[in-house]
């Protein structure tokens with residue numbers, strides 16, 4: 001089996017490693033030829049890194065791990081080489097300008113796609129690369145779920161038919177983790193942190209339900225599992241990014257929660273949901289445009 005991993009940041013590199021360990025031949029696309037180096041983890045020999053998107057055309061499955069801010073542009077370029085492979089979106093994000101989720105961008109840029117899925121769950125990239133037991137929700141068509149299970153056979157995969165719900169959980173988790181990190185520094189106390197956390201997540205759920213999500217997704221690995229992991233730990237890039245902003249420092253690396261918060265608020269406007277807590281935190285975080 002040959003798998004294309006499009007995006008060579010920490011998460012893309014980790015998924016390449018776990019796919020290669022599971023027996024797949026991996027084509028890791030990197031826009032600049034670089035990839036994430038994890039401490040004490042060797043890159044398997046069956047991973048090939050390339051800056052040429054054309055190489056993904058003959059792969060059996062695509063895993064898309066491009067940051068949300070560059071997702072549409074990358075998929076537009078990759079569409080030239082698409083040959084009806086199952087496509088699994090592994091990016092947790094919403095387009096800040098439209099509020100669209102990544103699966104909706106896929107539908108725009110690959111209009112003839114039949115089989116796609118969304119992978120989301122409590123997944124710190126370094127732990128996945130190190131082989132720590134990890135579970136994820138994979139929502140999509142049956143062919144996409146089967147392909148994902150085959151490629152990511154070293155992960156525990158829980159199947160789902162709720163694509164939108166799985167996505168909104170990942171997007172919302174990024175934003176709420178950013179908020180929680182900020183409030184771990186800026187809130188008056190633990191009570192206020194809990195208050196803001198609860199209100200923010202309730203607003204995320206309302207956006208999701210109004211968008212067609214199913215309640216069970218919020219209780220799955222993609223929901224409460226991912227939320228628990230990322231909203232309580234400074235290991236989370238989003239949580240750490242929120243802490244940095246509260247301390248008057250720039251966040252380190254790509255912090256998807258920044259784009260997610262903008263996208264969620266735009267999505268809320270699109271579906272008619274009032275989100276006062278998310279709006280207030282957008283202002284406090286200095287993200288109001």
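Any Cβ shown, glycine's included, is placed from N, Cα and C.
No curator has checked TrEMBL annotations; they are predicted automatically.
Because the structure is a prediction, the values reported are computed rather than measured.
Quick look at what TrEMBL annotates:
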ACT_SITE  173  active site, proton acceptor
BINDING   7, 8, 9, 10, 11, 12, 70, 125, 237  NAD(+) binding site
BINDING   92, 237, 238  substrate binding site
DOMAIN    2-143  domain 'Glycerol-3-phosphate dehydrogenase NAD-dependent N-terminal'
DOMAIN    162-280  domain 'Glycerol-3-phosphate dehydrogenase NAD-dependent C-terminal'
| request: Report, in whole Å, the straight Cα-to-Cα distance of residue 92 (substrate binding site) from residue 11 (NAD(+) binding site). | output: 11
| query | If you measure every Cα to Cα distance among 7, 8, 9, 10, 11, 12, 70, 125, 237, the residues said to bind NAD(+), what is the biggest one in Å? | reply | 20
| said: I want to verify one value. Collapsing DSSP to three states, which class is residue 92 (substrate binding site)? | reply: coil
| note | Cα-Cα, residue 9 (NAD(+) binding site) versus residue 92 (substrate binding site), nearest Å, comes out at 13
| query | Which of 7, 9 has the fewest nearby Cβ atoms, counting only those within 10 Å, among these binding-site residues? | reply | 9
| field | recorded positions clustered about residue 238 (substrate binding site) [Cα within 10 Å; pool: 7, 70, 173] | value | 173
| request: List, in sequence order, the residues of the same chain other than 92, 237, 238 whose Cβ lies within 8 Å of the centroid of the Cβ atoms of the recorded substrate site. | output: 173, 174, 177, 178, 230, 236, 241, 255, 256, 257, 260
